[in-house]
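Q: Swiss-Prot feature annotations, pasted as is:
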{"type": "TRANSMEM", "residues": "5-24", "note": "transmembrane segment"}
{"type": "SITE", "residues": "5", "note": "site 'Interaction with the K-D-E-L motif on target proteins'"}
{"type": "TOPO_DOM", "residues": "25-32", "note": "topological domain 'Cytoplasmic'"}
{"type": "TRANSMEM", "residues": "33-52", "note": "transmembrane segment"}
{"type": "TRANSMEM", "residues": "59-79", "note": "transmembrane segment"}
{"type": "TOPO_DOM", "residues": "80-92", "note": "topological domain 'Cytoplasmic'"}
{"type": "TRANSMEM", "residues": "93-110", "note": "transmembrane segment"}
{"type": "TRANSMEM", "residues": "117-135", "note": "transmembrane segment"}
{"type": "SITE", "residues": "117", "note": "site 'Interaction with the K-D-E-L motif on target proteins'"}
{"type": "TOPO_DOM", "residues": "136-149", "note": "topological domain 'Cytoplasmic'"}
{"type": "TRANSMEM", "residues": "150-168", "note": "transmembrane segment"}
{"type": "REGION", "residues": "159-169", "note": "region 'Interaction with the K-D-E-L motif on target proteins'"}
{"type": "TRANSMEM", "residues": "179-199", "note": "transmembrane segment"}
{"type": "TOPO_DOM", "residues": "200-214", "note": "topological domain 'Cytoplasmic'"}
């Protein structure tokens, strides 16, 4: 394990904590895409099915459990405790547009044609596009709260750091995971415009706004 991997995990965890604290303190899930959070819960579920069969390290096991629990707590807060504040009118991204191609690709491009491996591959592909409903929701409403933008920033930073992790591992171990790297690059690309707006607006105290779709 290297500093990029650890930093990426910390950034990922910070993003989730920021999101949960935002909802808990405001008693609202306004501005948060429940569909994106459902996809992330599905990502962690299908990726960590080996939780009780494969042991790599205590750190690895603990982080898996933390991400799983946080994902389902987030979904519960949105669709359960704070469901009255859920903005379903603007959270309208069609999930089948993501799930159908991701499922198909998981069967076509994987390292081993076994249930666990296909589900792991599915989770990697799905994570690369899981944020799209949230970005679509922001573009539809035209703006995002500062806390939501901080959440997205750390989520994007996590992916950038994981790309650095793969580069470092290739340099030091000659290890290359094509599926993870390509999916990570795709996911990072989705954040480029957001990173630019975050740096030029949010960090200067301005509200992030996006052009509304025609």
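Note that Cβ sites are derived from N, Cα and C of the backbone, with glycine treated the same way.
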Q: Rounded to the nearest angstrom, how far is the Cα of residue 117 (site 'Interaction with the K-D-E-L motif on target proteins') from the Cα of residue 5 (site 'Interaction with the K-D-E-L motif on target proteins')?
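A: Approximately 22 Å lies between the Cα of residue 5 (site 'Interaction with the K-D-E-L motif on target proteins') and that of residue 117 (site 'Interaction with the K-D-E-L motif on target proteins').
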Q: Among all the protein chains here, how many other CB atoms are within 10 A of the CB of residue 5 (site 'Interaction with the K-D-E-L motif on target proteins')?
A: 17
Q: Which residues in the same chain, at least 6 apart in sequence, have a Cβ under 8 Å from the Cβ of residue 117 (site 'Interaction with the K-D-E-L motif on target proteins')?
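A: Residue 117 (site 'Interaction with the K-D-E-L motif on target proteins') has long-range Cβ partners 110, 111.
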Q: Does the transmembrane segment (117-135) reach the transmembrane segment (33-52), going by 3 or more CB pairs under 8 Å (6 or more apart in sequence)?
A: yes
Q: Have the transmembrane segment (33-52) and the transmembrane segment (93-110) got at least three CB pairs under 8 Å, pairs 6 or more apart in sequence?
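A: Judged by the Cβ rule, the two regions touch, with the required three close pairs present.
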Q: For the topological domain 'Cytoplasmic' (80-92), could you work out the same-chain residues 6 or more beyond its ends whose Cβ comes under 8 Å from its Cβ atoms?
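A: Non-local partners: 23, 27-35, 133, 136-137, 140-141.
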